[in-house]
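Worksheet: the structure to be examined is printed underneath.
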Amino acid sequence: MMITLRKLPLAVAVMAGIFAAQASAVDFKGYARSGIGWTGSGGEQQCFQATGAGAKYRLGNECETYAELKLGQEVWKEGDKSFYFDTNVAYSVAQQNDWEATSPAFREANVQGKNLIDALPGSTIWAGKRFYQRHDVHMIDFYYWDISGPGAGIENVDLGFGKLSVAATRSSEAGGSATFQSDSIYDYNKSTANDVFDVRLGSLEVNPGGTLELGVDYGRANARDDYYLADDATKDGWMFTAEHVQTIGTGFNKFVVQYATDALTSQGKGLSQGSGIGISDTDPKFAYAQNNNGHMLRLIDHGSISMGDRWDMMYVGMYQDIDWDNNNGTRWWTVGVRPMFKWTPIMSTLLEVGYDNVKSQRTDETNNQYKITLAQQWQAGDSIWSRPALRVFATYAKWDEKWGYDKTGNPSNNANYGYAVKDGFNGGSFGRGDNDEWTFGAQMEIWW
């Protein structure tokens, strides 16, 4: 009995050590932003985005509280073989009250197995919901290559001259498909599965400090058995991507060329859309039946550079032309810079200047917007990428819009529903007109 009692403290200590080791192995990562702002003409902070533009310049121009909370852990390891479990829950609220209830979005839940195939050392096989090899322009929060969703694949297969990745993901689309029951009664399905098949060849060393990544995505609607899509629904499409990344000191430059067809032109990032036919012709979702047959061309140059000890700068230039057979496409180009002057290793001043120009294919009219933000910031480090950051800001925006999208009524009583129309069409007001505004506030931003 005495021996048993003497062993008890040792057993407790060992178990405590095991649990402590397990607890420390949990990876807690994430992103969050939140703040408070006001509008010069009164009321809460407004945010400014040109009608038809796919994104907006974000510094001093974000009006929500948003967070992604990631928990992950390497749950098994033997030699160089391992399994990793990863999760991500995201939240977004309007930051107008203390208590703002919201249903979180379960963005990620996947398992990644590394070096499990002896013939393919260094590769990873995975399955589940995942943020998959996303490519974005941080300044405008624009994801130009992103097939995230439930899926499976194998990545980083070393071919000697580059690394191969293959994946399949899904994004179901509201609107759905229909089947005939009897006596002219149709049963409408609430969603249609859109499958995407993605192949990438990366890490191609093409010049000193420069690498090339090539990719192709094919997306298609996958209607249930005995269901059908609308006659004019877009059923499939392709997207081709080439991205060159050049190291410039401690910074980088990325040059991107993308070409997409049909179903992959709407979101323009590799996910398929355009298969739905709607619940009924009185439901706004019926507008999804407007097909997006056509093509998209996109050119992007963006990056971040350091100019001495005191100056950093982000920049972006982009041209995007969506040409649809139904003439409801757009031609959008944007250019912006965000220089940063560092007073101390943790205090800086930032100036963001951005311009958007969006021309409607249908109306031949143009919307444009200028946006300027001056911010004083305290951040954890002396890089333009250092976070967390606390900032106070003032933003000025001026816009002149000649067209907008007609969302009057519903598709059953408005033949133009969802289409671009000129401002003043049928006596209505479409777009934001010619105006300007300024806002000011404070914000925190963090990633870890």
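Using the three backbone atoms N, Cα and C, a Cβ is placed for every residue, glycine included.
Annotation source Swiss-Prot lists signal peptide at 1-25, citing sequence analysis.
Annotation note: Y31 (site 'Greasy slide, important in sugar transport') sits in a strand segment as assigned by DSSP. When other Cβ atoms within 10 Å of the Cβ of Y31 (site 'Greasy slide, important in sugar transport') are tallied across all protein chains shown, the result is 16. According to Swiss-Prot, the feature site 'Greasy slide, important in sugar transport' maps to Y31 (among others), an assignment based on sequence analysis.
Summarising the annotation, Swiss-Prot assigns site 'Greasy slide, important in sugar transport' to Y66 (among others) and lists sequence analysis as the type of evidence. Secondary structure at Y66 (site 'Greasy slide, important in sugar transport'), taken from DSSP and collapsed to helix, strand or coil, is strand.
Feature annotation from Swiss-Prot assigns site 'Greasy slide, important in sugar transport' to W99 (among others); the stated evidence is sequence analysis. Annotation for W99 (site 'Greasy slide, important in sugar transport'): no spatial neighbours, criterion Cβ-Cβ under 8 Å with sequence separation of six or more.
Around Y143 (site 'Important in sugar transport'), the same-chain residues at least 6 positions away in sequence with a Cβ under 8 Å from its Cβ are R134, H135, D136, K269. Under the heading site 'Important in sugar transport', Swiss-Prot lists Y143.
Annotated site 'Greasy slide, important in sugar transport' per Swiss-Prot: F252 (among others), in sequence order, evidence recorded as sequence analysis. The number of other CB atoms found within 10 A of the CB of F252 (site 'Greasy slide, important in sugar transport'), across every protein chain shown, is 15.
Taken residue by residue with DSSP, W385 (site 'Greasy slide, important in sugar transport') is part of neither helix nor strand, so it is coil. In this view, W385 (site 'Greasy slide, important in sugar transport') is surrounded by 14 other Cβ atoms within 10 Å of its Cβ, with every protein chain counted. Under the heading site 'Greasy slide, important in sugar transport', Swiss-Prot lists W385 (among others), citing sequence analysis as support.
If you look up Swiss-Prot, you'll see W447 (among others) marked as site 'Greasy slide, important in sugar transport'. Cβ neighbours of W447 (site 'Greasy slide, important in sugar transport') (same chain, under 8 Å, six or more residues apart in sequence): G30, Y31, A32, R387.
Taking all protein chains in view, 16 other C-beta atoms sit within 10 angstroms of the C-beta of Y66 (site 'Greasy slide, important in sugar transport'). Here the CA atom of W385 (site 'Greasy slide, important in sugar transport') lies 18 Å from the CA atom of Y66 (site 'Greasy slide, important in sugar transport').
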